[in-house]
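J.: Questions regarding the structure given below will be posed in turn.
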């Protein structure tokens, strides 16, 4: 050291003081922020809604008694030592003091000041003992100070031991040793001090220990070690094994954090809500990007030292310097591991988890407020030309912000399953956009240092690639947009198919629908293929551009500048700088490789941001007016014009309807009501009536705020959609009876009953407390008592998705019971009487609508049953032609004569029969029935309270696999991806690419040794790339280079070496791109095959599978799981294969060259596998938990989309929002720990790598007598690289297993039970059934082998063209009998013979395609009227129009219609077969949907027709006409009709009366009604229409007898 130079100890002291200054500044800012926050909480308008845990787990021992005293004492000792050092140093100054001595004094003074500051902090911490928050803040500040002090003490002690000028005195050595020991202890105490016992959440569950971890535990992730131990011990994990998420990750806090910026751009909101984590991301990414060069520096210095020592230099200090360099390398690797660990913790476990949860919560929040666009205008047509024209129009706009029609359930769910994932995933590695250019800039600087101006010549060539990149990026962005749209359509179509699977199976159209879905899938895969091509091209361009830059730079250097490019110039800048131009170019190539992947992900994320932003910008329902509880409730329309949408439909047609619309001045084809005036009286019953499709439901939904008021006004109390949530939300356990009814509250019963996948009781309570008395009265008033008595589990019976296990009437009554039990004073009911029989309808009217629970409540009922409800009605509104033509009280309407007009339409209002109510045991007396009913209710409702037996679970929890992914799954995927030839060729390309890597470096070695045989510089900085690979989450295809040694010299020209090098590198780039391209193509083939197999298996699954499996669970396989199969599996297979090949090749090469180094490499393998096994076990289980917890999330979301009107009407949006937050947390919890585990593994691999590197480095230093410099450097660089690849090998194997979890879940559904074959060897004649004769013999049917038979030995025969009615109460077997004809349930004994063919001998497709069923529940699919009436283009337009006329959706007299239409408000959309049909047909009324399904059945000419009363929701005038149509159209058919109206079957040839699975009566209606002992007689008597029914039976059958 020069005498007057600044000593290094001074700079350490400056750093020490600098940390103290920084601590003081940060601490003052923290205090100011804390005071500001407390002041805002005290005087602010509202306290912060955020909630943080304050309860602690006191069972965990914790004490902070010794820490503060210990650090205070040791700090005081160090302060005294620093004072002594200052005194002795000043005292020893001579008169001719040097600058270094002065700096030394200043440095010691700075250290003294810092120790004084540290002592002040230590004394302050005495008043803030842990777990006090400020106590830990002070502890962190002290830890940072002590860390620098420890580093300084190590250096000072080392410098003292290296003094050679004189002996070290005791007065010098002892203080330095004491300082080292005390600073070590201070660092240990402050870095290992826990913050306190673990927190407990509001439910008493332990919170993740990251918030109470020590500094050491936080940086090295030891706080997650207990989870690792549990997973490794149990080999599986359960939800209870996971701690609760920290507060800032929970849905409650995220709801407010993200919601506080609502109204701003989505990208701004994401950044704002996560700004702290993003700032930390940026800082750690920048630090890491510079630290990546440190291992390369140390490696270069070590190899340079080895070379010098081999030349006989550094004999005295060589081993000491080498020891320090090896320790520095180990320290550098550990430090880099810590920084990388924190970078990815904040990037993934923090930012990604939070953003994903935030987006899911926000999408759900929007769904609760969004106006239903599907109802407004129908779903977009699937016509490709239409889609193309829309795209063209959008492109012409030029802004790229066109709104997308995201209206179907599948499309909305896709936003949550795909788009939110893409955005959150990109948020983890977005920083590559600035870290990669940073590394490129550094690389360019070094190239300039090497080649001068020629480097800019080469770099300017990259401009050539810009147009190609621009074109490719634009094509990729367009393709991604189309891919997402195609995926939306495919998932939406799949969702519709799953919702309507019964209809599809009834009509045996599985193959046709399968073909339609596969066409959609092929379109999606086509866009995915183009996307893969774009990715491959982008990779090729970015890799090739670096090669081009290098080549042009060398050409310019040699040809234009005329300089000689020797190997020494090309590879060595200076002897001390181990940086070579080609290595720098390789580094440039690596850094640029990260950019295309990141750029692609950026484009995908921006597309997803736009899609979600467009959804969030869609129209919302109008906010509910403020409630004045002192003001009387008023429900009224004042000259109101109502419509589904404020925007006119964009569709236009050339149909007659369109011309009529133009003539009448209508602005759109959206249905509307005009000039509505009505005032519904409070506390009374009001009726809304009118013809089918008149707009009754529109009027009712307008009161709920679901429609748009274009003109005029309406008043109706409504509950606001929630804007807040609670962290401790719970249902009140009791509500006083006198406070039960809320005057301004609303309840709603939809026409199509919406039920949750829960128990009957939970559906009725709907979030309210269980009040036993009120609950029993509700069951009795809604006639549910007998139903519950029949069900084994009573009201605790799980009803399945959409109430699948209940009949239509039962679902309607459960939905009604929900409204009756509710606290609402105002109850709106949409046609609740249509799905039930006359007896039940009368019961509901008398005991429910007019009963004690509904008395005094405002009741508005949409119904066709005017005569039944007239006596108790106060107000009637009749809708016709889009207007309220008749309004008033019954007395006023009777006087004006309008009542008679209404009654004419209702002339058959009492013509109903038994949906399921046959009096048990031939009708007991009224009193005994009353007593039985009471007993029934008590027994059914108390069943759950008294019976210890748990109710049967209809929907089982989703299966979660354990252990590693089975080998058979890999084999199956390999087989589906391609034959053996494909895989041989693929792995030949992979091996070829790896071989080219080795050849490339071998050639570099030859070139280098041509100029300097002893040089090992060519192999010095290779490991820079291995560490650099850690900076990018996306693996590069060129990060697996290794070096090889060759002692051969070559003196050929530089041009020759350069040409060969360019050739080898070019081939490497091309082959490296081809390997990804081939695996992409193979992956596409496997995805297509997997999808086809799964689709076929699901279509062939029995109906029971769909009843017991939620649609969300099935859809999850077809959406999220297949997105993983499409996108992740191919990449993961290739990346793991490349890494495994690198590991194997390194072992082989090193073993061949220096066998002794095989031992440390195998040691690395053993240690890494040991840690990796624990990591794999835990990560695999966590990933499976993420997959399983995703299905309930989607199911809840889908359920909410369908029932959002009911949810809003009941004011239950907050409860559903709370449930969503709960499910988001359940899904986010394993996702969070999964990525924390990844960081746990990363830090340990770095620690293992550092230890092994130090050991190997020391071994090399002490083996130089047996190794030459080249061999030592070669082996050292390989061992150093090897540990890094072991980490990536474990990481990529884990990623592969996680990806194959999706394959595992798909294959699970490919192994479900299947129906009987669709086609068998026995084929019926093409005209079968030609007569329609039925012979049923001893038919016994069970739903499962261990269950009792449902049908017990049925035997009956039906003559050709005979009309048979089937009646019976719930559970009698009516539906089972119908299902038996279609073989949805197989007979365990007996048989069904149709026209001499036993149906069990033929295939199900042959059977179902030749029978016709008209179901009660109408099912329509999105598309057009034509696609619904004739899905597979089998009929002409004339045939379809004829069918529509026969079901009275079109009048038979066109002229009369046109005259009427000119006066109507709305056009008849059924004139245009291109009229859009939204998902589920929601843009049509229930009655219209039923008529469309009936019309669809009329198009099929079948000799055997089964009817399940398909006209329950139409008006009676239309029903009467349709019954005549059925009698005419099906005159030559055999009909089996499950009756819901007695008048429907009274004129049939014979009646089957079922009871408990047996035929109790089978005769003509006249014979049965005449016999007073028959059950049928009692049913007719009980209906109140006995005389009418008897007259009809006589008129029909006596006339037949006479004839």
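Keep in mind that glycine also has a Cβ here, set from the backbone N, Cα and C atoms.
What TrEMBL says about a protein is an automatic prediction, not a curated fact.
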J.: Would you please say which range out of 1156-1177, 1178-1199, 1200-1221 has the annotation transmembrane segment in TrEMBL?
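T.: When 1156-1177, 1178-1199, 1200-1221 are checked in TrEMBL, transmembrane segment belongs to 1156-1177.
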J.: According to TrEMBL, which of these ranges is region 'Disordered': 856-903, 904-951, 952-999, 1000-1047?
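T.: Among 856-903, 904-951, 952-999, 1000-1047, the range TrEMBL annotates as region 'Disordered' is 904-951.
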J.: According to TrEMBL, which of these ranges is transmembrane segment: 429-448, 489-508, 509-528?
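T.: Going through 429-448, 489-508, 509-528 one by one, TrEMBL gives transmembrane segment for 429-448.
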J.: Taking pairs 6 or more apart in sequence, does the count of Cβ pairs under 8 Å between the transmembrane segment (278-303) and the transmembrane segment (102-124) hit 3 or more?
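T.: Touching, no - the transmembrane segment (278-303) and the transmembrane segment (102-124) miss the threshold of 3 or more Cβ pairs under 8 Å.
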J.: Over the domain 'ABC transporter' (655-906), what does the predicted model average in pLDDT?
T.: 84
J.: Would you confirm whether the transmembrane segment (530-555) and the transmembrane segment (1056-1081) meet the contact rule of 3 or more C-beta pairs below 8 angstroms, pairs 6 or more apart in sequence?
T.: yes
